[in-house]
Amino acid sequence: MSPQTETKASVGFKAGVKDYRLTYYTPEYETKDTDILAAFRVSPQPGVPPEEAGAAVAAESSTGTWTTVWTDGLTSLDRYKGRCYHIEPVPGEDSQWICYVAYPLDLFEEGSVTNMFTSIVGNVFGFKALRALRLEDLRIPPTYSKTFQGPPHGIQVERDKLNKYGRPLLGCTIKPKLGLSAKNYGRACYECLRGGLDFTKDDENVNSQPFMRWRDRFVFCAEAIYKSQAETGEIKGHYLNATAGTCEEMMKRAVFARELGVPIVMHDYLTGGFTANTTLAHYCRDNGLLLHIHRAMHAVIDRQKNHGMHFRVLAKALRMSGGDHIHAGTVVGKLEGEREITLGFVDLLRDDFIEKDRARGIFFTQDWVSMPGVIPVASGGIHVWHMPALTEIFGDDSVLQFGGGTLGHPWGNAPGAAANRVALEACVQARNEGRDLAREGNEIIRAACKWSPELAAACEVWKAIKFEFAPVDTID
């Protein structure tokens, strides 16, 4: 940082460039149960000591600015300031540190993810004294989490609404994602639902384009839901994407979905924004709608290891803002997702209490104090050969979503859905019999092919499809 340059006014006021360490680096501080705790990966500029960098992060994300100001004397900075209370080097890195910052609860508006992020991941990420900055994790105290509604319904309520127990749920994103007419789109939904899937889904960028306006899509998809329910005797759903250019338009679409009597709507929570998402989540709880969340834009924020924000933080924020499902990677598919890291934030989405576990990237113990859980959705480049691994990795409380892995079946959409349903039922039965899905998965799928020609055809098509790239974001 710049050297201390001070001038003394006649009343004793000192102005100049601050040395942040003097005020915001407090290694003796004992954190409170009510503090929001943050773990930042800090990469200082050459010549900036880690204590100064960590203190600068604490200052610029709470009460501080670059100089001393007159109005500092009009409040209690000790009560409101963030504190960098611990620093540790990142293993294998010469110029990176994990800096732990504690924020007093009074800095944040109740029930507002928007306000929380505006402070913690605001202007500080452009601070010149840092080459890079990444928020790795947050500890949300029960005192603060209790000010949020959280998911509209949660895992158990969703199962009760759908009357589906003891297995993962199956979904399919309709493809091509853009260009279909509303009627053809609804036809594809019907075929997939009739074939055995629980859900079909709007792609994240399907909103209301010239080739398919939202109201037409909603009507044809509702027809597909009711027709497939009548034929199969199962409750079905389609994630109707309510994301829009304004909150008012988003709510108009959600209201129309409720009037159609469908069970679930959808929102792109990062591009749509946390304020819009929380508004929609409150409406969904009040009106009995499930809420599916897509994380479009997340990789812009979370994929680089040195800068941005880890997805586990975005996952916690979503649980607070509200959503019943969220896309969470696949481990085995085409999208980024290292196994232990993915399992770490899957637990943060579903469980009531999660212990600190650095081996899975969890920096803090998190107690959600009975806030409803969120179902993780595995989607992206998966097919029937992945079913044993997905069932073993994600367990029953998950949605396994096959887009191309359903619609790419050589015999059509309904046979593609049937192949996925047979593969899932075979894996669940084998698991319940005590078989090892990780070791015997391929054998289980081959055995099921003998009595399901649809599955046999799918296995032949996708037998050589793999996405074998090393993940970018890994445990240190």
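Residue 1 is the first one shown; counting continues down the chain.
Note that Cβ sites are derived from N, Cα and C of the backbone, with glycine treated the same way.
Listed in Swiss-Prot:
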| type | residues | note |
| --- | --- | --- |
| MOD_RES | P3 | N-acetylproline |
| MOD_RES | K14 | N6,N6,N6-trimethyllysine |
| BINDING | N123, T173, K177, R295, H327, S379 | substrate binding site |
| ACT_SITE | K175 | active site, proton acceptor |
| MOD_RES | K201 | N6-carboxylysine |
| ACT_SITE | H294 | active site, proton acceptor |
| SITE | K334 | site 'Transition state stabilizer' |
Counting other C-beta atoms within 10 angstroms, the emptiest spot among the binding-site residues N123, T173, S379 is N123
Quick check for the class: what is the C-alpha distance, in angstrom and rounded, between T173 (substrate binding site) and H294 (active site, proton acceptor)? 12
Are there residues of the same chain, six or more positions away from K201 (N6-carboxylysine), whose CB falls under 8 angstroms from its CB, and which are they? G171, C172, T173, I174, H238, Y239, M266, H292, Q401, G403
Please give the maximum pairwise Cα distance, in Å and rounded to a whole number, for the substrate-binding set N123, T173, K177, R295, H327, S379. 37
Need the DSSP three-state call for S379 (substrate binding site) to compare against my parser. strand
To the nearest whole angstrom, state the Cα distance for the pair N123 (substrate binding site) and H294 (active site, proton acceptor). 26
Cα distance, H294 (active site, proton acceptor) to S379 (substrate binding site), nearest Å? 10
Round to a whole number and give the Cα-to-Cα distance in Å for the pair R295 (substrate binding site) and K175 (active site, proton acceptor). 18
Would you mind checking how many other C-beta atoms are within 10 angstroms of the C-beta on H327 (substrate binding site)? 21
Among K175, K177, R295, the most crowded of the recorded positions [Cβ within 10 Å]: R295
